């Protein structure tokens, strides 16, 4: 069995590099990796030959992974230190004064996934290719940002362009690192940021309402405007109560209308509790600030990930075995990337992304799709021809693949499924696509 090789994961320059690499691979072995399954030899050769000339315009390299998570927080909470740790060689100037990050830094990072090595072991793959997620480090926010204080206007414009928010909250005490408010109080920090985002959203809503009131003409336009006004009223109630647009109960049509405004408090949110090394064990259970943060996050239906930006920054310069030993000494599970790995995976999930796998002797690869995608759409992430000529997908759940030691064992034990065009791909599916173009 051959694994599918083209990359569909990365954005911008990295994506172009991957495509060029894939094109070189296919130019030397055009039939390898195009069709993975038991289609006839003639069909396989025809499909492969038809695909090569269209490679440069067929591969999808930025459609799914153009989604970004913005790392936000007050000055000196550890944002840039955490961002640098995430991207390893990040260039953000982490310094002990406000506004050291002015232009947003962007980093594309791999998502730690121990399932890759397990699949690779069974398939005896020569290479493992993880999926990725994109982070943006955004300038620190202060009170009055919604009115242009500090770098408020720039902050709000940058965060508006992201798809989810990772809010770094300081949960450590350190007299050597100045807190912008003079004390460590994570809930107060959250309130400052949420208030500024809410005020910006209210201003955005007011502008939209003014346009709606001035633009009503036909009966149909008036009816549509009335629906949008009601949706905005619901959102306004939540914003004024301090709960954010995410708390508004909207039907599908209302949500679609509201999303068009790009409201900041409507974006999915995750909290990164930045702790000292002594509080990393047991997910920060002994840290009173983390406990308070978890309670607030539960009320907002948001996830909290405990991480130490300082520890992660130091880990980057260590040999792998030494880093593993230190994490275990701190009471952190090292096999899945520690707190940093947990944060990356949680952000990936918060963005509404999920992973399916292809695996074979050549490579085992994780592919990124949006949750809810059908099998043809998932195939199209690899190449448009895969979606256009989709026939069916041989699908095995990840746990079944491991339990039965691979494709043959899964087939013999009846857990290999033939899925059609309506199948919704599940997290961790191991897939083999049959197609004909």
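In case you wondered, yes, glycine gets a Cβ from its N, Cα and C as well.
Automatic prediction, not curation, is the source of TrEMBL annotations.
From the candidate list 275, 288, 290, the residue TrEMBL records in the ATP site shared with 76, 77, 78, 79, 80, 81 is 275. Looking up the ranges 167-194, 195-222, 223-250 in TrEMBL, the one annotated as coiled coil turns out to be 195-222. The full span of the recorded ATP binding residues, 76, 77, 78, 79, 80, 81, 275, taken as their largest Cα to Cα distance, is 15 Å. For the recorded site, residue 79 (ATP binding site), the DSSP three-state label reads helix. If you draw a 10 Å sphere around the CB of residue 275 (ATP binding site), it holds 28 other CB atoms from the protein chains shown. Averaged over the coiled coil (195-222), the predicted model has a pLDDT of 86. The Cβ neighbour count for residue 80 (ATP binding site), using a 10 Å radius and every protein chain shown, is 27.
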